[in-house]
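**Q** Let me begin by handing over the structure; questions about it come next.
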Amino acid sequence: MTLVAGVDSSTQSCKVVIRDAATGRLVRQGRAAHPEGTEVHPAHWWAAFLRAAEEAGGLDDVAAISVAGQQHGLVCLDETGQVVRDALLWNDTRSAEAAAALVAELGGPAAWAEAVGSVPVASFTITKLRWLAEHEPGNARRVAAVCLPHDWLTWRLAGALGLPFDAWADAPPPPLDHLTTDRGDASGTGYWSPATGAYRTDLLKAAFGAVPLLPRVLGPVADAATPAAAGGSPSHGGDAGRTRIAPGTGDNMAAALGVGARPGDVVVSVGTSGTVFAVSDAPSADPSGQVAGFADATGRFLPLVCTLNAARVMDAAARLTGVGLDRLGELALQAPAGAGGLTLVPYLEGERTPNQPTATGAVHGLTLATSTPAHLARAAIEGMLCGLADGLDALGRSPERVLLIGGGARSEAVRRIAPTVFGRPVLAPPPGEYVADGAAYQAAWLLDGDVDWSSQEAEVYEADAVPDIRHRYAAARPHILDRPR
């Protein structure tokens, strides 16, 4: 049996799954936590990966491995390959002013969408580089190379290959020019164009004042562990017995692979952040900035809408009501659809869609009758789903299927309430580690090029649409306060 490994290095943790390359059957798995916060030293990701891989039984018997990671994070390396400062993650919004300035300086939203498929906001890598240049010029001058979280882990993996797994912790990284990325993750930087497949170094220089070394962008079936990868060329085959490294990708792109999304599908992912994305054969460029025109991990495209507040909204509601998440779901299903008019705007950590990085959440329609834990639980879930439904509208598609995935989608309440908000049935695939599974699929694809992992049947949830939920949400949405300075 040939084994492949898929890695999901997310905001909160690292998951490693080992699967049969031929069938996709799960053989073993492991998990390790990441530190909390919006800036993290990448060494924590490497340590968590090693712990998760050890829990999964090691990787000495794995034929290929792929890393999927949180998008947008800024990893800066000096000329020796050392990390210059803690990585600024996607959810770090300190670069909001830099983002607004960049959009204004370089032609406005429409020009950016045309250039790179997306309009930069605080989460995008290019805005973090502008912030670094303005606020930490000493660190900025030390930057010799810039990469993303999955790029950095793939690079460290390339340096560890050939050693026994128990020696990986101390393996030195390879030279900087061995850094690689894929088109999916590169499309979230703000300085790579999905439409042309090329870096926009002019935009990078305008933002940062310099053009550091950037990872080579590999195709879907390139081997990141070979000398050919340093030249950007795809490579099938390889040395017998050598563990191969797939290009890896961003977490959303890997989730699309893991859930088996195809053209015509829309995927709604309820994780730390919420995402709504579609598989497309053509690049997109939304001048409003609502839709990020990403590439995917297969050679297609992945237009995507993201909200910063998804499953964390349920976590906050559970804290407010003093219950666990399971009980929160039970309470939500006790309240009527629409929560009796109670409407929660879930901008608890600022928001990305709409782009309001300093916004706070709000509760509207509070009365004596709606002042109950059940009404608050229902309003929290409906508010979270309304933000995602707006994203579904922004994609401008009439999907053949709506697939509901992510940790928050494991809640029965979320599954049952979603059709009332979305106005259409939803399919809930069996719970799984879709990002890690997608990475494992990519690793198997690298080995064979013809992978057929049959997925289990999704459960269909249907309910009558309740238009008033979204009408009240739309009315409440503008009435929020900014965070105090």
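For all residues, glycine too, the Cβ spot is worked out from N, Cα and C.
Note: TrEMBL annotation is automatic and uncurated.
So TrEMBL lists the following for this protein:
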type	residues	note
DOMAIN	4-258	domain 'Carbohydrate kinase FGGY N-terminal'
SITE	Asp8	site 'Important for activity'
BINDING	Gln71, His72	substrate binding site
REGION	226-247	region 'Disordered'
ACT_SITE	Asp251	active site, proton acceptor
DOMAIN	267-445	domain 'Carbohydrate kinase FGGY C-terminal'
**Q** What recorded positions among Gln71, His72, Asp251 are found with a C-alpha within 10 angstroms of that of Asp8 (site 'Important for activity')?
**A** Asp251
**Q** For each of the recorded positions (Asp8, Asp251), count the other CB atoms lying within 10 A of its CB, then report the residue with the highest count.
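**A** Buried the deepest by this measure is Asp251.
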**Q** Tell me whether Asp251 (active site, proton acceptor) sits in a helix, a strand or coil according to DSSP.
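**A** Assignment for Asp251 (active site, proton acceptor) reads helix.
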**Q** Measure from the Cβ of Gln71 (substrate binding site) and count the other Cβ atoms within 10 Å, all protein chains considered.
**A** 30
**Q** How many Å separate the Cα atoms of Gln71 (substrate binding site) and Asp251 (active site, proton acceptor)?
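**A** The Cα atom of Gln71 (substrate binding site) is 7 Å away from the Cα atom of Asp251 (active site, proton acceptor).
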**Q** Looking only at Cβ atoms, how many others are within 10 Å of the one on His72 (substrate binding site)?
**A** 27
**Q** Tell me the Cα distance separating His72 (substrate binding site) from the residue listed as 'active site, proton acceptor', rounded to the nearest angstrom.
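**A** Computed Cα spacing between the residue listed as 'active site, proton acceptor' and His72 (substrate binding site) is 10 Å.
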